[in-house]
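Trainee: Take a look at what Swiss-Prot says about it:
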BINDING   C27, C207, H232, E236  Zn(2+) binding site
MOTIF     29-39  motif ''HIGH' region'
MOTIF     264-268  motif ''KMSKS' region'
BINDING   K267  ATP binding site
Amino acid sequence: MQIFNTLTGRKETFCPRDPGRVSIYVCGPTTYNFIHLGNARALVVFDTIRRYFLYKGYRVLYIQNFTDVDDKIINRSREEGIDPQTLAAKYVDEYFVDADALNVRRADVHPKVSDHIPEIIALITMIIDRGLAYVAGGDVYFAVRKFGGYGRLSKRSLDDLLAGARVEVGEQKRDPLDFALWKAAKPGEPWWESPWGRGRPGWHIECSAMALKYLGTGFDIHGGGADLIFPHHENEIAQSEGATGEPFARYWIHNGFITIREEKMSKSLGNVFLVRELTRLYPPEALRLFLLSNHYRNPLDYDPEAMEASVRAVNRLKTCLGLLRESLDRPAPDGDGGGGNRLEAVLEVLQGRFEAAMDDDFNTALAQAVMFDLTHEVNTYLHQNDRPSRGALQKALDLFDAFNRVLGIFPEHKGRIVLEAGAVSGDLSQGLLDLLIALRQDARRNKDFATADRIRDGLRALGILLEDTPQGVRWKKT
């Protein structure tokens with residue numbers, strides 16, 4: 001298995017710290033709002049990476065934190081007029097609603113900053129004792145110039161960093177490059193007692209303390225979005241290795257940005273999309289499929305056309321799965337109309353291609369392509385054989401489930417895909433469906449075939465297939 005390591009700037013063969021086990025720490029959200037599409041990409045990417053290690057037979061210890069002590073939380077709580085910890089707890093709960101919708105599995109541990117203040121204070125004390133941090137007016141700062149190798153993750157020199165560094169009003173740090181490990185208490189902000197007075201931790205030290213507590217030094221993989229490379233992850237390395245004298249994490253994995261019609265997603269442009277909003281517009285399976293549709297290190301551009309394509313793609317997968325299950329459930333004698341052995345041979349090739357794609361730095365775009373090749377092979381086989389081999393079909397279904405256990409497109413129970421039951425998919429009510437069918441019939445009678453086709457195609461994208469028969473219009477789920 002090859003993994004691109006941001007630290008070295010190249011692909012490396014993965015070799016775990018402990019044979020047969022993988023330790024992963026992923027920076028989770030700051031809980032001051034609902035998660036947006038950029039947050040979701042990181043969640044889905046690293047959930048998929050974890051799933052693939054499990055598929056390969058590894059035992060995985062997966063940690064994803066919640067930053068529930070932060071300036072953004074304090075500012076948002078003032079706007080809403082509630083306590084910062086109440087606000088943070090609210091958005092932790094909301095995170096799980098969105099994560100569940102995207103079929104993101106729970107981490108083994110979801111540590112919160114507020115529950116780990118003693119560990120944070122102990123780590124800061126170690127850094128001070130090693131001469132790499134200093135106290136100034138109740139604040140504690142990391143002395144960047146005293147740590148050799150600072151900048152090696154982000155590939156930045158101290159001179160480059162100094163050009164963009166600044167000292168905020170009220171800060172007492174000795175060097176513009178230094179960063180806060182502990183911040184003295186201010187009126188109206190949460191605080192904890194410490195050897196340096198009342199205060200709260202800086203952002204970067206929080207993740208170091210939690211990662212070291214649950215995974216120890218030299219753990220396997222540290223992940224997050226590319227926006228965290230500097231300063232967050234650079235500072236994590238400095239303070240963690242400064243405290244322990246040992247390597248912090250061995251492989252650093254960063255997912256690329258989400259763009260909106262090739263523009264950066266930002267509040268100022270008004271193009272920040274919340275997962276909660278998008279899952280009301282599109283099936284969550286389609287959103288997850290979209291988030292895995294490009295290599296994780298590359299930018300991923302969002303637009304409605306791309307999402308509609310993902311909806312159609314998910315429906316193709318559902319149709320194939322339905323045909324497989326229907327064929328296996330049908331009370332018919334087993335047969336082989338001349339293709340079962342060939343299909344089984346193709347399945348082996350497809351499994352090899354899928355694993356090769358994921359082994360090559362978790363290339364989910366290629367892995368998805370293999371999954372769609374599987375649907376093509378199954379559809380072709382069923383079309384060409386009146387008496388298909390049940391053994392071959394069962395192997396195809398098993399492979400479909402195996403691919404899904406990695407990509408996580410559909411929810412699963414005991415390793416098998418679970419599709420939601422119901423007369424009509426999504427938020428489409430029976431009454432609305434009847435109305436759309438009636439409008440399409442009116443359009444056809446008026447020879448407005450463009451409108452009729454648009455309604456038909458729109459319903460197909462929502463998982464409803466219309467059939468025109470002499471007895472009238474019939475519909476079925478795809």
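Note: Cβ is positioned from N, Cα and C throughout, glycine not excepted.
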Trainee: Please report the distance from the Cα of the residue listed as 'ATP binding site' to the Cα of H232 (Zn(2+) binding site), rounded to the nearest angstrom.
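Mentor: Cα to Cα, the residue listed as 'ATP binding site' and H232 (Zn(2+) binding site) are separated by 21 Å.
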Trainee: Run through the Cβ atoms and count how many others sit within 10 Å of the one on E236 (Zn(2+) binding site).
Mentor: 28
Trainee: Specify all same-chain residues, apart from the site residues C27, C207, H232, E236, whose Cβ lies within 8 angstroms of the center of the Cβ atoms of the Zn(2+) site, ordered by sequence.
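Mentor: Output for this site, in sequence order: W203, H204, E206, S208, A211, H222, G224, L228, H233, N235.
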Trainee: Can you break down the motif ''HIGH' region' (29-39) into helix, strand and coil residue counts using DSSP?
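Mentor: Grouping H, G, I as helix and E, B as strand yields 3 helix, 2 strand, 6 coil.
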Trainee: For the binding-site residues C27, C207, which one has its C-beta crowded by the most other C-beta atoms within 10 angstroms?
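Mentor: Answer by Cβ density within 10 Å: C207.
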Trainee: Cβ-Cβ under 8 Å from H232 (Zn(2+) binding site), same chain, 6 or more residues apart: which ones?
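Mentor: Same-chain residues close to H232 (Zn(2+) binding site) (Cβ under 8 Å, separated by 6 or more) are C27, W203, H204, C207, G224.
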Trainee: With DSSP assignments reduced to helix, strand and coil, which class does H232 (Zn(2+) binding site) get?
Mentor: helix
